[in-house]
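What TrEMBL says about this one:
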BINDING   HIS98, HIS100, GLU104, HIS147  Zn(2+) binding site
DISULFID  CYS43-CYS196  disulfide bond
CARBOHYD  ASN136  N-linked glycosylation site
SIGNAL    1-41  signal peptide
Amino acid sequence: MVRELPAAGAARGPHLAAVGRGLLLAALLVAAASFLPVAESSCPRDNSLVRDISRMQQSNYGREGFSHITVAGALAHGMKEVEVWLQTFRPGQRTPIHRHSCEEVFIVLKGKGTLLLGSSSLKYPGQPQEVPVFQNTTFSVPVNDPHQVWNSDEHEDLQVLVTISRPPVKIFIYDDWSMPHTAAKLKFPYFWDEDCLTAPKDEL
């Protein structure tokens, strides 16, 4: 079947004019967008092979006498199985009483302190076991056991290198050692993950 083509300049005129206006509008929008300020992400993503720890983001996250650096993280550095933190506690400072469903290993780089370790087999943590830790020692925390790291030294900072599994970490926080496990408050994302986490993690 043969169709007759429309004569040049016939019905095509209005259609082409509309297309031309659309293209012009799109070009103007693209040009305008190029002048708009771009908000910088507050998540310090860095996939470099070698990183200078002294130049990494460091913060106390609202806790006086505490310093945290995510040396190798899931959200900032693309780690899949483990995450590594460098943490420093001034004399007398301590973590909250907390638990998490991941393995955690500490290496004490400087100072000395105390690991307080509660029970996960009772309905509440109970009276914690007090374990002294000091420079060049390492210790691990069993999965889901409530615990607290305390710089019990009066004079020197406690600095630890921490490795956790299954990042990003989900942390349940206790008010005290008598608080039932079921009443512990979930903090997720945790403070140093808040700027980077875009979606909740499904599993404990």
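Cβ atoms are placed via backbone N, Cα and C, with glycine included.
Just so you know, TrEMBL annotations never went through curation; they're auto-generated.
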Counting other CB atoms within 10 A of each CB, which of the disulfide-bonded residues CYS43, CYS196 comes out lowest?
CYS43
Measuring Cα to Cα, tell me the gap between CYS196 (disulfide bond) and HIS100 (Zn(2+) binding site) in whole angstrom.
20
What's the number of neighbouring CB atoms sitting within 10 A of the CB on GLU104 (Zn(2+) binding site)?
20
Comparing the recorded positions HIS98, ASN136, HIS147, which residue's C-beta has the most other C-beta atoms within 10 angstroms in this structure?
HIS147
Quick check: which same-chain residues outside HIS98, HIS100, GLU104, HIS147 lie with their CB within 8 A of the centre of the Zn(2+) site CB atoms?
THR95, ARG99, CYS102, VAL141, ASP145, PRO146, ILE171
Candidates CYS43, HIS100, GLU104, HIS147 (recorded positions); nearest Cα to the residue listed as 'N-linked glycosylation site' turns out to be GLU104
